[in-house]
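Novice: Following this message is one structure expressed as structure tokens.
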Amino acid sequence: MEYSSFHGDQAMDSLERQLICPVCLELLIRPVVILPCQHNLCRKCANDIFQLTLFQARGTLVGTGGRFRCPSCCHEVVLDRHRVYGLQRNLLVESIIDVYKQESSNSRPRSKPAGHLTCEEHEEEKMNIYCISCQVPTCSLCKVFGTHKHCQVTPLPDGYKKQKSELSDGISCLIAANDRAQAVIAHLEDTCRNVEDNCKRQKQTLCEKFDRMNAILEERQKIMVQRITYEQEEKTGYTRSLMRTCMEHIEATSKQVETRLQAMEVPQMIPFMQVQSVCLLLTFSRMSATVKDSTLEELQSGYETMDHYPVDFSAQERALSQLDFVKIVIFFSVEQKNDDVPEEEPEQGCGEDSEDTAAKCAPLKEADEGRAQAESSMGIKKEEAADTDGISALQAAALFLSILVLVIFLQGLWRCIEYTACTYLAKLDGD
């Protein structure tokens, strides 16, 4: 009999170990949920683990559901929008727990009911009062003769109700704080999402602006290179035409030299003199024309230089190196802005009429035109802001006049009412 009872106790202990929650280390409390890894948890413990995981992952974005890891095998459990309430209940384990509790209560000796607990010092006295100072239940004898003689006490039911009410209020406060924390977490998640979206959109806008600037720079580069290329082709073509003219002159002169050499070979005097006179006339006329042409077609000094296309982008480079986001400033009036801006002195080199000076002043003129356009656009914006301020002032003045007229009208109406009331009362007194 004792042997069978011993083995029965061992079986009950083994079953109890299987029904222990791995989180609270107590017997599983209904409702019991089963995880995808086939481990069981109290729903309350599962919710506590999920809330802790959610608090630790507050810096990351989570979906409508959530996830946590099984405390037994560390398997990741993915939750839906119902969270822990969407986990399946293990009704079989709940039934086993009920049977286990019933068997345990039948096999163990019954203890005294909680309502009939006796005092530790006075074993025959029931605990019927609550010591507020020591925060323990005790008996009446302890208050009269015992250790709680000088303590503040209250009836046990009153202390029970007060403690239970305070505990309920504390639970309500914790639940409310948890709800507020959840709302704050949701708001922070939305804020993180909005920050990421806004940053992505702003980065895209910034990249588009830089692409536009690069396209403008490439277009300007093509235009300026094309101007230099056009002048290069023009000058090289003209130089090659002069080279061809010189080659023709050399060829003609070579032919004349050959003719003179042939005349030198004539042995008789009279034929030599006849040929020489004709050659001299032809040579004189041709050489005169050639010398005249070559004199007219000489190149100017510095014809091959390109100094009239100066390149100085130091100001633009400084401006590009100082690119930054636009700062929000308050628009002032146009007159104040014009007073603050000093007058610019005209460039000394731009007053000449030479081609080289005009080419050097071209980039400066383009920069001045761009700056003038920017200042004109800023002036338009400032004028619009000033007009808006003026309209607001007019609206305020009109509103003030309307209120003043309404007050005067109400005063007159009140006087009429007083006069009518006095007349009516006087008439009643006369009657």
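Backbone N, Cα and C atoms are what each Cβ position is placed from, and that goes for glycine too.
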Novice: Given 122-149, 150-177, 178-205, which one carries TrEMBL's coiled coil label?
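Specialist: Checking TrEMBL against the ranges 122-149, 150-177, 178-205, the coiled coil one is 178-205.
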Novice: Could you give me three numbers for the domain 'RING-type' (21-73), the DSSP helix, strand and coil residue counts?
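Specialist: Counting residues by DSSP class gives 14 helix, 11 strand, 28 coil.
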Novice: What is the number of residues in the domain 'B box-type' (114-156) that are helix, strand and coil, as DSSP sees it?
Specialist: 9 helix, 11 strand, 23 coil
